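Engineer: Got a structure here, written out as structure tokens. Questions coming.
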Amino acid sequence: MTKTAAVILAAGQGTRMKSALPKVLHPLAGRPMVAHLIHALGAVAPSRTVVVIGPGMESVADRVAPLPTVLQAERLGTAHAVAQAGEALAGFDGTVLILYGDTPLITPETLTRMVEARLAAEDPAVVVLGFRPADPLQYGRLITSPAGLEAIVEYKDATAEQRAIGLCNSGVMAVDGRVLFALLAAVGNDNAKGEYYLTDIVALARGMGRACAVVEGAAEELLGVNSRSELAAAEAVIQGRLREKAMEGGATLTAPETVFFSADTRLGRDVSIGPFVTFGPGVEIGDGVEIKGFCHIEGARVAAKATLGPYARLRPGATIAEGAHVGNFVEIKNSAVEQGAKVNHLTYIGDARVGARANIGAGTITCNYDGFGKYHTDIGEGAFIGSNTALVAPVSIGAGAIIGAGSTIARDVEADALALTRGPHEVRPGWAAKFRAHMRRLTGKN
């Protein structure tokens, strides 16, 4: 088995984000940027992964746990950052991937190609991931020859001829673990910033007589996120991928550009998704589900052939069983709607069970919170809840029971019973006309 390790550089302050949240924790498709890299690394199954963080970034350490983190106490450059992983990678003699926490769009396929290139017959010491950006102005150039990669030249130091080269440095590398830390130890800081640049290891490796190589990746994979606008650009890229994946997997998206997925959204076959639907993290949708427009779903499971929306909201803990209906302006939280049940209009179901084939009338509310605790409502199989009903939890409605419209139910109702609490119907003929006449005399108004 190929031995692989990874170092993720995540110590950057991210000042351009203007945020209290560390840059690498900003979410893309419902997942922190750094977590996208960790997920992509699964393709090469690293035996060790180390995340380099800066001072005050304990939240990053918490998020990447159980992966180990090492501290770059002073931000002295990328080579210095990688060197902080020396103890964690002591004795490792395989391929070390070096990634950046703010470059989250690299695909598993590209990482696999990087490792394969490192293990080629030429035995390159360093493999650099290059790309061809539409605007290459700011990037270092990769200087190649028939023998492979010769050097990386920063733009400010490049000649006019070198600046004309379109192949640019992404910073991502795969390095022979047997020489990585020796190369890093040889890097100097004789430059304008007084920093230790990781790019210098290419020339150092060539000076040792070792080959270096380039793998070319798509420019969109190497989009770095340093600002809110770049975060939005990265979101657009990943949403495009997720939409394509959904359609290739057998889902129909009526207006793909209006549907937003989380990275972990799971869709069955023949799912139909209308416009302006948003999937938060933790959603699983079964085969043949219809999701109409303007639904918002997070932390929920929906079984086969259920129908949602339009304008339905499923919150964490919602489970919708096969063939159930959740209609317009319905919110369901931490509740089970069982097989064939219908919750079709203007309803809140929270901390509840809606039994199979039960029917919940428009305007029904489960009153689950008293300001201190949440309480459960249980609605039995085949029960019928009339419109504009308040179910004051904790309360149980038996199977087959009928609740009259407009009721407030605060006590349990046995199976097959009728319960209603509204006052008796009263009609007073002519009363309205007499009232208006009386008020006109009092006010002098017509």
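Glycine is treated like the rest: Cβ placed from N, Cα and C.
Straight out of Swiss-Prot:
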ACT_SITE  His345  active site, proton acceptor
BINDING   9-12, Lys23, Gln72, 77-78, 100-102, Gly140, Glu154, Asn169, Asn226, Arg315, Lys333, Tyr348, Asn359  UDP-N-acetyl-alpha-D-glucosamine binding site
BINDING   Asp102, Asn226  Mg(2+) binding site
BINDING   Ala362, Asn368, Tyr369, Ser387, Ala405, Arg422  acetyl-CoA binding site
REGION    1-228  region 'Pyrophosphorylase'
REGION    229-249  region 'Linker'
REGION    250-446  region 'N-acetyltransferase'
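Walk me through where these features lie, including what they touch and how far apart they are.
Structural biologist: Taking the Cβ of His345 (active site, proton acceptor) as centre and 10 Å as the limit, one finds 15 other Cβ atoms among all the protein chains shown. Under the three-state DSSP scheme, His345 (active site, proton acceptor) falls in the strand class.
Packing around Asn359 (UDP-N-acetyl-alpha-D-glucosamine binding site) is summarised by its Cβ count: 19 other Cβ atoms lie within 10 angstroms of its Cβ, all protein chains included. In three-state terms derived from DSSP, Asn359 (UDP-N-acetyl-alpha-D-glucosamine binding site) belongs to an extended strand segment.
Asn226 (Mg(2+) binding site) falls outside any helix or strand according to DSSP and counts as coil.
Ala362 (acetyl-CoA binding site): 19 other CB atoms within 10 A of its CB, across all protein chains.
Away from its own ends, the region 'Linker' (229-249) comes close to residues 17, 26, 28-29, 33, 36, 104-105, 220, 223, 256-257, 259-261, 263, 265, 267, 269, 271, 273 of its chain (Cβ-Cβ under 8 Å, at least six residues beyond either end).
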Engineer: When a 10 Å sphere is centred on the Cβ of Leu9 (UDP-N-acetyl-alpha-D-glucosamine binding site), how many other Cβ atoms does it contain?
Structural biologist: 25
Engineer: Restricting to the record's acetyl-CoA-binding residues (Ala362, Asn368, Tyr369, Ser387, Ala405, Arg422), give me the longest CA-CA distance in Å as a whole number.
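Structural biologist: Result: 23 Å between the two most distant Cα atoms.
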Engineer: Of the binding-site residues Leu9, Gly77, Glu154, which one has its Cα closest to the Cα of Arg422 (acetyl-CoA binding site)?
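Structural biologist: Nearest in space to Arg422 (acetyl-CoA binding site), counting only the binding-site residues, is Leu9.
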Engineer: Write out the long-range same-chain contacts of Glu154 (UDP-N-acetyl-alpha-D-glucosamine binding site), meaning residues 6 or more apart in sequence whose Cβ is under 8 Å from its Cβ.
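Structural biologist: Those within reach of Glu154 (UDP-N-acetyl-alpha-D-glucosamine binding site), by Cβ under 8 Å and sequence separation of 6 or more, are Gly140, Thr199.
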Engineer: The region 'N-acetyltransferase' (250-446): mean pLDDT?
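Structural biologist: Its mean pLDDT is 98.
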Engineer: With DSSP assignments reduced to helix, strand and coil, which class does Leu9 (UDP-N-acetyl-alpha-D-glucosamine binding site) get?
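Structural biologist: Looking at the DSSP assignment, Leu9 (UDP-N-acetyl-alpha-D-glucosamine binding site) belongs to a strand.
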Engineer: DSSP three-state call for Arg315 (UDP-N-acetyl-alpha-D-glucosamine binding site): helix, strand or coil?
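Structural biologist: Reduced to three states, the DSSP call for Arg315 (UDP-N-acetyl-alpha-D-glucosamine binding site) is coil.
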